Amino acid sequence: MKSKWVFQKLKTHIPSQVSSLISPLKTEITRNPSITTSTFVLNHQDISQLLSICGREGYLRLGTSIHASIMKNHEFFNPETRDNFQDVLIWNCLLAVYAKSRKSIDAVKLFDEMPIKNTVSWNTLISGFLTNGDFEMGFALLKQMLELDFYRLDQATLTIVLSACDTPEFCKVGRMIHGLALLKGFEREITVCNALITSYFKCRCFGPGKQVFDEMLERNVISWTAVISGLAQNHLYENSLHLFVKMCNGYVKPNSLTYLSSLVACSGLQALVEGRQIHGHVWKLGIQSDLCIESALMDMYSKCGSLEDAWRIFESAEDLDEVSMTVILAGFAKNGSDEEAIQFFVKMVKMGINIDPNMVSSILGVFGADTSLGIGEQIHSLVIKRNFSSNIFVSNGLINMYSKCGDLVESIKVFIRIPQRNSISWSSMIAAFARHGDGFRALQLYDEMRLEGVEPTDITFLSLLHACSHVGLVEKGMEFLKCMTEVHRIIPRSEHYACVVDMLGRAGLLSEAKSFIEALPVKPDVLIWQSLLGACSIHGDSELGKYAADQLFVTAPETAAPYILMANIYSLKGRWKERAGTIKKMKEMGVAKVTGTSWIEIEKKVHSFVVEDKMHPEADTIYFVLKGLFRLMVDEGYVMDKRFILYYLDQKEKGI
């Protein structure tokens, strides 16, 4: 006969999730003049289900009440007179309640007092410690479990431990668990292999992860998705997309997570054609309305430069969440629609949409020299009201926003208030000083950063090189480049090399800059050649400038930079015919010069102007004032520099 358990509890205190277990057949209501109580008669299965709910939903108080009732039943502690299988199930469920409630001490005490244990008991306790971040105790329990012959680990043990190995520092642990799986004969178990693949990719051990997948005799959708997702998350987008295509051509069909990972790969590759094809697949399957899929599609389209498609999905979405809002904001920013992004954010605030730190961080990223400092200050006020100041990403965004909008003092104030600065915080502040021409303060801040034990990133070194360039510290800049590669093992990007070329060029070391480019381990791109040509423009070196311009004509024939900079070099030398020929060639090639824009912020509104702009409503007044100022400048001895006026305009003026 199966035992039954009798509990008395206030009826009003029963959680709603538990009420389904309490059927009329199991409940007897006892009336009392002062209070109503319920007597619950439950069997082992009911108790185990009830404890499972307590662990999942966090009902620690109810779980401890059940524990107390069990302790009162002395018969429960006698394994010889009980159903061991049913009893150990209840003990394990109770153990899970304490483990999931982060009551580690109580969990260990219960584990030690349990009259009967099995592998599930050990797995539950190990999982509790690993989930709560106590890896030392979790791995110690695993070692103890292996040392006891009676307790044999199973597939669940391996998958539990592997799920905790999700950062690069656990790569060696993952390899050890892999060896243990081979030793215990679990190398063909699909759940273990899937866990190994996921762990290896999260630990950035791509080779072993891919090898496990290749050696699997049977693969399910989780196996394929684990590799496709792992490759995409580690920026191996091309490999990820190739494997996704291979999966689609096989017998295993992708699920929504697989499609999500493939869209991430398309975003990374800016593969618009493939992204549209995947969009067609999810549409046919009817999962295009899934919030995660919609956000991934918007992200893919915006990163591929098709903001209209991203906006179309956003507008047609039935439900929107914070992720969707953040993605579309980032899409505006990435596609140069800064003003639209700010307007959209302001509209969200006015509509009462719940603004989260990720949205604020995204909108702060669109601010530049031509955006309104006043709006940025309003967003800062919103940050303070919503108590987002403690969010490191928001604080870092504020540093960048203020420095780009010209307020270095406020950037410093935000930086000082950050309690726990990360590498981005330091890099942002170093970049702020470099942006404002205070290169020496930028270098000093780097020294403080290193004293704090913060590791620099590629962005840090980019800002340092920029600072060295503007203060003429060539040797120091070259030291930073060497430190970046040899000490911190950071591979320089094209931006770093372009910054070095700019640094050498500004110092007048044009031949050294040319030699530096020729010795690069990568093929020079537009940024690098443009930096060299810009330096030649500053120093008027027409010969080397012609060489750099020729390289730019080949690398980026559609850009106006080589034409304009060469025209300026010829003007500096007074070679008007060559300048006129360069401008003529630019027009023949159909290359348009980007119009230069000036702006000023007055009363939180940005006013923009181009050459001979008469569109402003106050244009007549502006030109009247400028004319008066010009007379004052001439009276003070100002002489117009005609070197950069086009040849035909120069001739026209001489004929006047």
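Using the three backbone atoms N, Cα and C, a Cβ is placed for every residue, glycine included.
Just so you know, TrEMBL annotations are computer predictions that nobody has curated.
Fair warning: this is a prediction, and the values are worked out from it, not measured in the lab.
Annotated repeat 'PPR' per TrEMBL: 87-117, 118-152, 220-254, 321-355, 422-456, in sequence order.
When pLDDT is averaged over the repeat 'PPR' (321-355), the result is 82.
DSSP states for the repeat 'PPR' (220-254), grouped as helix (H, G, I), strand (E, B) and coil, give 25 helix, 0 strand, 10 coil. Counting only same-chain residues 6+ beyond the ends of the repeat 'PPR' (220-254), those with a CB under 8 A from a CB of the stretch are 190, 193-194, 197-198, 200-202, 204, 206, 209-210, 213, 260-262, 264-266, 268-269, 271, 274, 281.
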